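The structure appears right after this line, and notes come after that.
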Amino acid sequence: MGFITRFLVFMSLFTSLVSGFALQKLPLIQFDEGYTQLFGDQNLIVHRDGKSVRLTLDERTGSGFVSNDIYLHGFFSSSIKLPADYSAGVVIAFYLSNGDLYEKNHDEIDFEFLGNIRGREWRIQTNIYGNGSTHLGREERYNLWFDPTEDFHQYSILWSLSHIIFYVDNVPIREVKRTASMGGDFPAKPMSLYSTIWDGSKWATDGGKYGVNYKYAPYVSQFTDLILHGCAVDPTEKFPSCKDEAVQNLRLASEITESQRNKMEIFRQKHMTYSYCYDHMRYKVVLSECVVNPAEAKRLRVYDPVTFGGIPHGHRRGKHRSRSRLARTESI
């Protein structure tokens, strides 16, 4: 086997490793190595092994923590266990933001966990903002295929120059590709990683119909398996840059494998309950980064015919995969 052939084989294997597995093999860190308490006093408790932390919401206050460093791109992950029983109005967030540095034009990448009344399941919401574009909501909401209150499950965000990918238990559930027309709407400035629990009674559950009932407090969320793998930068630099070779490999990691993409499509068809890309009441012309999937559109129209009753003009139609091909894919 010649040198060029051996090199091409190595690069093929390396790309597969990075995109498929390496992100899940990144080292875990102790809480004090990467984070600082943000608020909450005694409502934040670090386990004596230093690897896990509890955030609590009670009548007095919520709680939260923030990364010690500020990052320009990276992979950020934690295994989280949510409060059980009645949790309406409770919001638990795992997100990137620079709102403290850029009050009028901040960026944000969100995982939000929205509590519910007894007998109804938690919901997950993902969202992104760039350059203060809060007037353009890019929310998606989902149910899960497991009970997130019974055990820990891993939630991860990959943020690169061109992609944002949200994962649940290593399954990609949402991919945002940067488009030229997005401009500053794509998060591009250095951000910190935050985790918080707080009272979102005004909006979190059925638009505020059900609020937090402190009779069931304290509400406790637990975090472990903490991963902070990114390019730490100095935000005071005029043009902060990321030159870390390991972080540059995020470009490769953002290439979703065929197996991962199949799992993502199945998840979205089974568990997605809202996407701004299909909300024709909100957007008459779909935003540029949206790729409309006919199967997703059909399911959402059945789920909520008023909101998703038609497909807006101007969308890009995704490649349609045959039903037989999806049937061969592992169920989620």
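Keep in mind that glycine also has a Cβ here, set from the backbone N, Cα and C atoms.
Among the candidates Arg48, Arg282, Arg299, the residue that Swiss-Prot annotates alongside Glu112, Gln125, Thr126, Asn127, His135, Leu136, Gly137, Arg138, Glu139, Lys202, Trp203, Gly207 as binding xyloglucan is Arg282. Long-range neighbours of Trp203 (xyloglucan binding site) (same chain, six or more residues apart, CB within less than 8 Å of its CB): none.
Across the residues annotated as binding xyloglucan (Glu112, Gln125, Thr126, Asn127, His135, Leu136, Gly137, Arg138, Glu139, Lys202, Trp203, Gly207, Arg282), the two Cα atoms farthest apart lie 21 Å from each other. DSSP classifies Cys277 (disulfide bond) as helix under the three-state reduction. Each of the disulfide-bonded residues Cys277, Cys290 was ranked by the number of other C-beta atoms within 10 Å, and first place falls to Cys277. Look at Asp110 (site 'Important for catalytic activity'): DSSP puts it in a strand.
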